[in-house]
Amino acid sequence: MISLAVPAIYSLTSQFPSATTHARAPSRCACACVPGRQVAEQPLASMKAEQAAAAAGETPRFRWDTFGSAPSEPQWEAIRGLSPKLPNRCRALMARLVCLPPPDQDGDEDEETLGALLVFWVKAMKPKRTDWLLVLKELTAMESPLLAEVLEHALLEDSFEANVRDYTKLIHIYGKQKLLQKAEDAFHAMKSRGLPCDQVMLTALMDMYSKAGDLTRAKEIFNEIGLLGLPMDKRVYGSMIMAYIRADMLDKAEDMISEMGDQQIVAGKEVYKALLRAYSYKGDSEGAQRVFDAIQFAGIVPDTKLCALLVNAYCLADRINEAMIVTRNMRSARITPCNKCIALILGAYEKVNRLEGALAFLTELEENGVIIGQEPSQLLAGWLRRLGVVQEVEQVLKDLAVDRKNTLEVDRKKNLASDRKIKRRRSKSKRSFASSLQRK
């Protein structure tokens with residue numbers, strides 16, 4: 001039997017004098033006190049009595065407000081950061097969990113310590129499902145590496161009242177960590193308990209296999225959803241489309257989007273964006289244009305990021321004129337071309353060594369009120385430096401700046417003159433109105 005005796009050396013409240021409150025009378029349960037609620041230190045006689053009991057082979061009383069070693073400063077900060085609405089039984093467990101070392105991949109010592117702590121907590125505190133959920137919520141908020149182990153232990157406890165969504169959450173955690181075997185074990189454990197396997201659970205599995213690059217298993221799960229008669233909604237199709245995209249089978253992904261359209265199911269924007277990005281990075285301008293048209297046909301308004309992906313596809317395919325047409329269409333739709341779009345087109349012009357075309361493009365943008373940002377400016381400066389015409393261009397830019405300053409000054413004077421005329425008209429109308437009243 002694992003001994004849970006911990007030398008009573010440190011007290012939580014001795015480190016938090018401001019957090020002490022009036023405590024209730026101590027109960028007769030196995031826990032002596034709760035962190036943050038006990039003020040006095042354990043007397044020396046009590047410590048000697050517990051040590052004598054341990055030497056005699058008896059199981060000493062477990063204290064929740066003591067630690068075997070001094071917690072570090074980050075651990076104290078984590079304990080202070082616990083929710084003030086956390087019940088005492090949950091706060092006691094969280095304080096001990098924070099001070100546990102992260103679990104090792106090869107050793108079992110930490111896992112046994114965690115398991116023994118949870119077993120004793122269940123026996124002493126008699127938690128309900130709400131208590132378990134509060135503990136899991138706190139572990140999720142602090143991104144604790146013990147979250148999966150605590151949830152896995154909670155699924156085995158009757159007080160947790162596990163359901164399908166709890167297993168889905170565990171599989172999702174293991175999927176993010178790419179622990180496929182543990183996720184499969186959790187799935188089989190759920191089925192062995194007789195819990196029904198629904199569409200959300202299978203979609204989580206399919207998404208996990210998709211991210212792991214296992215297209216075969218993802219297709220098997222997709223077919224299983226259809227055979228079980230479960231609803232084939234936007235999430236199911238989206239997960240399968242993402243699996244095809246990650247496997248570089250873009251034609252299959254397009255076919256599935258067409259299949260969704262036949263069933264009047266609209267794919268999500270993130271799915272379209274992933275497919276457009278795949279075509280863009282490959283330099284397939286025709287495929288990128290097809291997906292871009294499908295996005296608009298689905299009623300999704302393109303933003304600057306989607307337009308930049310289309311511009312990138314045309315630039316990689318050396319189709320600069322089409323890329324410029326995209327930027328013009330963006331201005332027509334009142335979408336300002338981003339610096340990324342401008343830099344991509346400048347890079348394409350530099351690739352074919354067409355400086356005049358690049359300058360004409362920049363002039364067109366400035367005439368339409370588009371401000372050239374830092375990224376395209378640095379790219380153009382580097383290009384001109386390599387050509388050795390920096391001084392000439394700087395002189396031209398200075399002249400343009402002087403002309404622009406003079407133009408702005410003229411515009412300012414015109415605006416002042418127009419404002420004065422408006423004020424005179426208003427004052428004249430006021431005088432005429434006042435004079436008419438006086439006449440009457």
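The backbone N, Cα and C atoms fix where each Cβ goes, glycine too.
These figures come from a predicted structure and were not determined experimentally.
Quick look at what TrEMBL lists:
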REPEAT    163-197  repeat 'PPR'
DOMAIN    177-289  domain 'PROP1-like PPR'
REPEAT    198-232  repeat 'PPR'
REPEAT    233-267  repeat 'PPR'
REPEAT    268-302  repeat 'PPR'
REPEAT    303-337  repeat 'PPR'
REGION    419-440  region 'Disordered'
COMPBIAS  421-431  compositional bias 'Basic residues'
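For the repeat 'PPR' (303-337), the residues of the chain that approach it from at least six positions outside its boundaries are 272-273, 276-277, 279-285, 287-289, 292, 295, 344-345, 347-349, 351-352, 354, 357, 361, 365, 368, 370, judged by C-beta separation under 8 angstroms. Counted with DSSP, the repeat 'PPR' (233-267) comes out as 26 helix, 0 strand, 9 coil.
Counting residues per DSSP class in helix, strand and coil order gives 27 helix, 0 strand, 8 coil for the repeat 'PPR' (268-302).
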